[in-house]
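> I have a structure I would like to understand better, so I am pasting it below and will then ask my questions one at a time.
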Amino acid sequence: MTSQPYADIAPILTQADDTDDEEKEGLQSGHEGEVEVEALTGISSVHAGFIVGVLFFINLLNYMDRFTVAGVLPDIETFFHIDDSKSGLLQTVFISSYMVLAPIFGYLGDRYNRKYLMCVGIFFWSLVTLASSYIPQEWFSLLLLTRGLVGVGEASYSTIAPTIIADLFVGERRSRMLSIFYFAIPVGSGLGYIVGSKVKDLTDDWHWALRVTPGLGVVALVLLLSVVREPPRGAVETHSDAPLQYTSWAADLRALSRNRSFVLSSLGFTAVAFVTGSLALWAPAFLYRSRLANGSLQPCPPGKVCTGDSDSLIFGIITCVTGVLGVTLGVEISRRWQRTNPRADPLVCATGLLGSAPFLFLAVVCAQSSIIATYVFIFIGETLLSLNWAIVADMLLYVVIPTRRSTAEALQILMSHLLGDAGSPYLIGLISDRIQRDRPLSYLSQFHSLEYALMVCAFVGVVGGGFFLATACFIQADRKRTELFAQGQLQESSDREDRIVVPQRGRSTKVPVSSVLI
C-alpha cells in the first residue's frame, strides 16, 4: 500500500463531523466530565479555579511591571540625563532578554516541576526590579542590566503558566480559563501606566513606582506556594495518569517546525504583536502630533517636557476596555461557531486581524480632521485585534502534544517578539525619520511622516490575517493527530511524523492516518 500523508481535504467552511461531536460528549462538557478531570488530576474544579486566579494575578504583575517604566519614563530620562534613544533601550533590552531566554525555560518547563520554576523566576524578578529602584544616576548602564535580568524572571513564567491551565481543563472550560488568564495583558498594561504615574505623583519620587510590583511579587510568591499544585502533564487528554514519553529537544524542534498549524498561527500572532507593539509606543505621540498639526493644541514652551498626558490616558483606557471586550468576544464567538465549524478558532483570528486593518488605517487617515473619529476607529480596531489573544493560546495547546507545550510557547514568544514588537516600534520610527528627512521641519510634516509610517500596521494586519486563513486549512488534521498521539494511538516514526504502524496480515505496514480514522 502506498502511504499518503494525513490530509484534511474538507472545505474550510465545513460542518463539524460526527467525530467532533463524539469528542464533545466526553471530558469536554458536563458534570461527569468535570468529575473525571478531577479524578485524573487530583485537583477539584474549585481548587483549579483558584489556581487560575493566582496565575492571572501573576500575569497581571508581569504586564504592570513592563509598563510601569513607561509611566515614569520622562522622570527616568531627567534623572539619568539620557536622550530618547537611550531610554528606548530599556524596553529593547528587556524584550531581547525575554525572548532569548524563553526557549530555555520552555525546555525546562516541559521536563521539570513547573511550580518551582515559576517560584524561582518570580523571586528573581521581584528582587531585580526592587534593586533597579536604588541605582545611582551615574550608573544608567546598571539600570539597563537590571531590565535585562527582569526578562529572565518573566520568561520563566510566561512559557509555563498556560501549560498548567491546559492540564487542568479541557474543551470550552479551557478556552474560558485561558481568556481569564489573558485578560491580564490589557488590564496589566493599563495599570502599569496608571500605577507608575500616580505613585510617582503621591511620593514625588519616581523610584517608588518601581517598588510596587516587587511588593506584590512577594504576595504572588506566597499564593503560588500555597495555592498552586502541579497537575500531571496531559492526563486530561490521555485519560491516564501514566507518565508521558519525552523526546530530545532537537526532536521537539523538528516536530514543531513540521506542525503547520503551529507555525502558521505563530506567524499570524507575530503580526498581532507587530501592530500592538507599534501602537503601544507611537499612538499617544501620533495623537499629540495630530493636535499640534491641526492647531487644537499649542506647542510646549521651551525647556518643558510635553508628553500628551490626556492622549496617553485616553489611549490607555481604550487599551484596557478593548482588550477585555475583545478577548471575551473572541472566546464566545469561537465557542458558538465551533459547534458548526471545527475551524472556527483560526477563522475568528483571521476575521479579527483582517477586520482591524481598515479601521486602523482610517484612524491614521482621519487623525488630522477629526480626533473623535480617530478614537472611535482605534476602539473598533483594537477590539478586533484583541479577538486573538486567548484563541491563539488555545490553538497552540490543542495542536501540540503535552510534552512539547512549554517549548512551543517559548518558540512562539521568540518568534512574535523577534519579528513583531521588538522591532516594529523602531521600524515605524525609522520610516518616519526617512520620510521627514526629505521635508522641511514643521509640526505638519512631523505628523504626516508618522502618519505614513503607521499605515504599515494595516498592511501587516492583512498579511497576518492571511496566515490565520492558511492555519484554518490544517487545524482540524493537526488537532486530530495531536489527540491520537496523546492517547497512544499514533507513534512518531523517524522519517515522517504523520504515519502510524498497524498490523496487516501479520506484518507491520505504514498507512495514512486518514485510513484508520475512516
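The backbone N, Cα and C atoms fix where each Cβ goes, glycine too.
Sequence annotations record features per position, and here TrEMBL assigns region 'Disordered' to 12-31. The transmembrane segment feature in TrEMBL is assigned to 46-64, 89-109, 116-135, 155-171, 178-196, 208-228, 262-283, 312-331, 352-378, 413-432, 452-475. The domain 'Major facilitator superfamily (MFS) profile' annotation in TrEMBL covers 51-473.
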> Could you pull the average pLDDT for the domain 'Major facilitator superfamily (MFS) profile' (51-473)?
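A mean pLDDT of 84 is what the model gives the domain 'Major facilitator superfamily (MFS) profile' (51-473).
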> Mind checking which residues reach the transmembrane segment (312-331)? Cβ under 8 Å, same chain, six or more beyond either end.
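Non-local partners: 175-176, 178-179, 182-183, 185-187, 189-190, 193-194, 280, 283-284, 287, 348-349, 352, 375, 378-379, 382-391.
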> The transmembrane segment (46-64) vs the transmembrane segment (155-171): three or more C-beta pairs under 8 Å (separation of 6 or more)?
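Yes, the transmembrane segment (46-64) contacts the transmembrane segment (155-171).
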> Could you check whether the transmembrane segment (208-228) and the transmembrane segment (89-109) come into contact, where contact means at least 3 Cβ pairs under 8 Å with the two residues of each pair 6 or more apart in sequence?
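With fewer than 3 qualifying Cβ pairs, these stretches do not touch.
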> In the same chain, which residue numbers or ranges, 6 or more beyond the ends of the transmembrane segment (89-109), come under 8 angstroms Cβ to Cβ?
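Residues 66, 69-70, 73, 76, 117, 121, 143-144, 147-152, 154-156, 158-160, 163, 249, 406-411, 413-414, 417-418, 421-422, 425-426 contact the transmembrane segment (89-109) from elsewhere in the chain.
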> Using a Cβ cut-off under 8 Å, which residues of the same chain at least 6 positions beyond either end of the transmembrane segment (413-432) come close to it?
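Sequence-remote neighbours of the transmembrane segment (413-432) are 88, 91-92, 95-96, 98-100, 102-103, 155, 158-159, 266-267, 269-278, 280-282, 449-450, 452-454, 456-457, 460.
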